[in-house]
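S.K.: One structure is given below, represented as structure tokens, and several questions about it will come after.
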Amino acid sequence: MLLNWTVMILYNYFSAMFVGPGYVPLGWTPEKSQDCMYLQYCKVCQSYKAPRSHHCRKCNRCVMKMDHHCPWINNCCGYQNHASFTLFLLLAPLGCIHASFIFVMTMYTQLYNRISFGWSSVKIDMSAAKRDPRPIIPFGLSAFAASLFALGLALGTTIAVGMLFIIQMKVILTNKTSIESWIEEKAKDRIRYYQTDETFIFPYDTGSKWKNFKQVFTWSGIPEGDGLDWPVRDGCHQYSLTIEQLKQKADKRVRSVRYRAVEDYSGVCCPMTKGVKTFFTTPCTEEPRIALSKGDLILATRGLKHWMYGEKILDSAADGGIRERGWFPRKCVEKCQYDSETDQPVDGEKKNR
């Protein structure tokens, strides 16, 4: 049974790794040229971003139905490998639960065979069992320590990977990805911020958990569709989500604040020289940090109490249009007195979660 778990776990793991998420073809454009106005353009891939696709900085490609970039498979989780990745998250905890049961029963049996009860003490002799037959595999002190260590690893994997599986199943049953859940949350924030009468309806949720489930898991292992066109619910169309993304992108430019660097920052994850609070409150995210030199201009779009996220303002001609975005310590910058992007005060910054 353990061998079966191992084979299934490794099969889905390597499938998620080598099959890959599926990438938007380079130079892709929608069939109708007028639909380009609803899409974002990727300068790196020299193509439009198809609905539900996003550009991954690590893969350096636009990924179809991108959920996230997973360092454990060294690839993105997306349209083609979402099912394999989720099955791996399910099978790994199940195999570890089975292994934990074996470890617990083994240690219990071996300790029971080596325990001696006295009038005033209880002794455990790990040198040999008091009962026959002797175990096929010798069980001494080192074997007990190794079994206890393996039990800890199995239980830790069960908890950690099991939580990831629950998170993935929640978004799959609503036919979303982790990125789309964040987009939906930002849409609600934008509507609440401007107090408009519009309502945002996520277009790809069919309303049935079973139908949403079947869009990812199929008997053939090949997901439905081509990764570019998606079925949508009544009242929405193919570009409802991309239109909302364009609104959020415009809103980000309006609500961004210009800052000037007053201290140098090397771009390390946990800077020791920027204060204790800055060191211990570093953002728990894979998003990069950007190095700053005194006098650099940064366009901040969101922030925490001791950290901010933004884009360094560069000379596009000199730098070849490369964008530098990431986190930096708040104490390294100060707000420009005359902000060309917005006249809002610092309190008007977009709230970060």
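Cβ atoms are placed via backbone N, Cα and C, with glycine included.
In TrEMBL, annotation is done automatically, which means it is predicted and not curated.
The domain 'SH3' feature in TrEMBL is assigned to 254-338. Under the heading transmembrane segment, TrEMBL lists 6-24, 87-108, 136-167.
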S.K.: So what's near the transmembrane segment (6-24) in sequence-distant terms, Cβ-Cβ under 8 Å and 6+ beyond its ends?
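M.R.: Same-chain contacts beyond the flanks: 45, 47, 49-50, 53, 59, 61-66, 70, 73-82, 84-85, 87-88, 91-92, 95, 227-228.
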S.K.: Residue list, the transmembrane segment (87-108) vs rest of chain: Cβ under 8 Å, 6 or more residues beyond ends.
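M.R.: Here the qualifying positions are 1-2, 5-6, 8-9, 12-13, 16, 139, 144, 147-148, 150-151, 154-155, 157-158, 161-162, 164-165, 168.
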S.K.: Let's see if you can do this one: DSSP helix, strand and coil counts over the domain 'SH3' (254-338), in that order.
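M.R.: Summed over the domain 'SH3' (254-338), the classes give 14 helix, 30 strand, 41 coil.
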